[in-house]
Each structure stands twice: as structure tokens, then as C-alpha cells.
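TrEMBL lists Glu105 with the feature active site, nucleophile. TrEMBL lists Glu109 with the feature active site, proton donor. The domain 'GH16' annotation in TrEMBL covers 20-219. Residues or ranges marked as N-linked glycosylation site by TrEMBL: Asn113. Per TrEMBL, the feature signal peptide maps to 1-22.
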Amino acid sequence: MARNSQAILLALFVCLIGFDHQHSLVVEANFWDTTFINWGAHHASVYNNGDDMQLVLDKSAGSGIESKKEYLFGSVEMQIKLVSGNSAGTVTAYYLSSKGDKHDEIDFEFLGNVSGKPYIMHTNVFAEGVGNKEQQFYPWFDPTTDFHNYTIHWNPSEIVWFIDSIPIRVFRNYEFLGIKYPNKQGMKAYSSLWNADDWATRGGLDKIDWNKAPFSARLRKFSPRACTWFGQGSISYCNSKDKWYTSSEYSSLNEAQKGQMKWVRDKYMIYDYCKDGKRFNWNMPRECSLQQS
């Protein structure tokens, strides 16, 4: 989100606490309080009073975390510094997901590369278990030398992927046209570092160089400013018109944001499923013909 909007959102949170403490907007940034290590506990560590975390991958295992709560709509953001050097075959993932075969999911995945080659930033969205909506980008910065903010903004109207407040992708809700949209399942936030050298770098041609292990990714300031899922009643509650993220301001990008997104997509986009006619036998997904910004 734009920097100047963060103060506004925080003020809205303070007002909402008195209205509904149990299910209102939450703003948290402590890994001890908001997440737990769901695999590779001996390869993950929390430090700096719980504000920072390190995920580690070596030949024996990777590691990952998940949020304690599930959410339905809002903004979930985290700062990440990716594996440096030769990261070929590694994937650092940051995503929202529900459970089950017909799960919903919104992805950021960072595909490592050999030294000197750029990371690939992979995005996707699933609704009721159906994905196949991949878009990929090169970063316009070095994601290994400093932390960058990655935000998934998700509301009843659209999903927006932001990097350092710059939108890179929009997926709008066209459910009324029969296009599935993730809006009926609570999703947890996840992050992990894992071995994907069977596909991640040049289709699996570049393998992990285990002589460079251990590999590490650093996480900071996990902030879910989102509606807490509390069961099926959340569907109507989190959709209500009095939420900050359902206001007209957040129903679509403004003109400046559209300009930023066009710049990213013109210069740094390297794959768009909507332009891969051969993959779909030229029977393109319906949303590809609709405005997604």
C-alpha cells in the first residue's frame, strides 16, 4: 500500500478496537505472537524480540512458518531478504492459503538463480483448488541485499500484489461471470524456504550447489491488517461495507498506481498465462479478456 495510507489504516484500527475486539482488524508484527514454525524447527530462528526471523535450508531440510490465525480480506505484508549468492534450485515462498483439496491460495514465490542472474518472482492465485494463473517478473532491484516489503491486498473486489508499495499485478473479482474468486475460505499466511531444484531454475537444469549451504532467507515485520476468520459467519462479516478495505478507495487502483503497474509489467514481466495461447490450445481463460487493473 502507499506509505501515507499506512498511518490512516493504523488510525482506523484504533477506532475499530472498541467496536469489535474479537473479529476486527489486527495489526501485529511479532513472529512469536502471530506465527509458529510448522516444519524444520531446527532450521528456523526468531530473534530481535520476535520482530525478525531466519529460515534456513541445507541438504537435510528446509523450514517454514504459518500464521496462528486465518484471515478473510485485508492486507498481509512482510519484509523479506532473499537467499544471496548462488540460489539456484531454492524457493522462498510467501503466500496465503486455506486447507483442503478445493483450497484458495494467493502466492508470491521467489525462484532462485545462479550467481549473477536475477531472481524470478512468481505469482499465482487459486480459487476452489483451481490455479493455472501464473505471472512472473524480474525484480527491478537486488532482493538479496536488503529487505523489501511484499504485500498481498485482498478484498471482495480484487487481489493486488504490491512490492514496496508498487502494484505489480491485479486479479479482479468476476464471480458474477462464472469466474471463481477466493472469497469464502479463511486463509493463513505462510512462508518457507525449500529445495525445488527439480523445477525452480531453468526447469530443473540448474541444481542446488550444496557446497554453498546453508542457505538463509530473513523475514521482518509480519503485519496482517486483516479480518480474522471465525467460521462461516466471517463471509458476511468480513464482506460488510463498513470495513476499510471495502471502501471505494480500495475497490480499484488509482491512476498513479495503474501507471506504476504498467511500468513494472512493460519492463519486468517475463511470463503471463494470458499470453500463452499454446498452453491453453488457444481457448484462453475467460478472465484474460477482461480488464484486470
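In case you wondered, yes, glycine gets a Cβ from its N, Cα and C as well.
Cβ environment of the residue listed as 'N-linked glycosylation site': Ser87, Ala88, Tyr119, Ile120, Thr201, Asp206 lie under 8 Å away, each six or more residues apart in the same chain.
Averaged across the domain 'GH16' (20-219), pLDDT in this predicted model comes to 95.
When Cβ atoms from all protein chains are considered, those within 10 Å of Glu105 (active site, nucleophile) total 18, not counting its own. For the residue listed as 'active site, proton donor', applying a Cβ distance below 8 Å and a minimum sequence separation of six or more within one chain yields Val91, Thr92, Ala93, Tyr94, Tyr95, Met121, His122, Thr123, Asn124.
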